[in-house]
């Protein structure tokens with residue numbers, strides 16, 4: 001592994017203190033001095049094809065943003081290092097950096113593929129395709145009435161319901177918004193898609209887990225009130241009444257570098273189910 005790049009969220013490290021420390025440890029442990037540094041907000045359209053590894057310094061939001069904006073030709077794995085708040089998606093905490101780099105040198109790690117979604121939507125009479133790592137959510141505006149949804153799976157009607165919204169999630173996203181809305185945890189290495197309603201008023205829609213190659217078509221009706229499409233909780237697009245949103249598996253997956261002692265269930269316990277200061281030191 002010769003070419004390492006670092007994508008950093010500058011709002012998490014104003015004075016480059018963490019960045020400089022990371023670069024120094026890479027230099028000393030990996031014997032690599034030529035390290036490219038990128039602003040995580042400016043990743044789109046950059047040619048990163050020469051990289052063997054991209055380190056993402058930030059929190060979950062930083063990693064989500066980078067994953068969506070990476071060019072489809074990008075093939076290197078990502079090592080997420082949490083310097084944010086929660087860090088569910090990150091491979092390690094910043095405090096574990098030195099040990100992680102030593103494991104990297106001994107190849108005590110494995111690349112895991114994380115499924116992504118493709119959302120096709122008509123925006124201003126132009127079809128747009130948008131990637132998502134966590135989820136695609138369709139929901140009413142703040143002061144809007146409930147939305148009527150029609151959901152089709154592979155051209156077959158699954159449900160018609162009224163509610164605040166719905167979430168189409170990847171397994172990676174099952175610990176995020178989907179979980180908050182009552183959806184199940186799904187092991188992130190699986191290739192399935194879940195649909196979870198948000199405040200289903202009619203109780204005619206239940207969460208469902210579908211095979212990964214399913215095509216989901218959503219028709220959202222709100223009598224002219226606001227409807228928003230939100231991607232990974234970061235990009236919001238106002239939709240027209242009777243908008244059609246099509247969601248399916250993206251042909252490209254995210255390659256996430258995880259170490260062999262990575263414990264998904266420990267992450268769930270410590271960072272999702274017991275996300276509090278008292279549990280930060282739990283080691284079991």
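Each residue, glycine too, has its Cβ placed from N, Cα and C.
According to Swiss-Prot, the active site, proton acceptor annotation covers 60, on the basis of sequence analysis. Annotated NAD(+) binding site per Swiss-Prot: 60, 61, 134, 135, 145, 162, 164, 175, 176, 177, 178, 179, 180, 234, in sequence order, evidence recorded as sequence analysis.
Overlay of Swiss-Prot feature records on the structure.
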residue	record	contacts (Cβ under 8 Å, 6+ apart)
60	active site, proton acceptor	84, 86, 87, 88, 89, 90, 176
134	NAD(+) binding site	64, 169, 170, 172, 173, 176, 177, 232, 233
145	NAD(+) binding site	222, 223, 225
164	NAD(+) binding site	139, 140, 146, 147, 198, 199
178	NAD(+) binding site	135, 167, 169, 194, 196
180	NAD(+) binding site	none
*10 Å Cβ neighbour count around residue 176 (NAD(+) binding site)?*
24
_DSSP three-state assignment for residue 145 (NAD(+) binding site)_ = coil
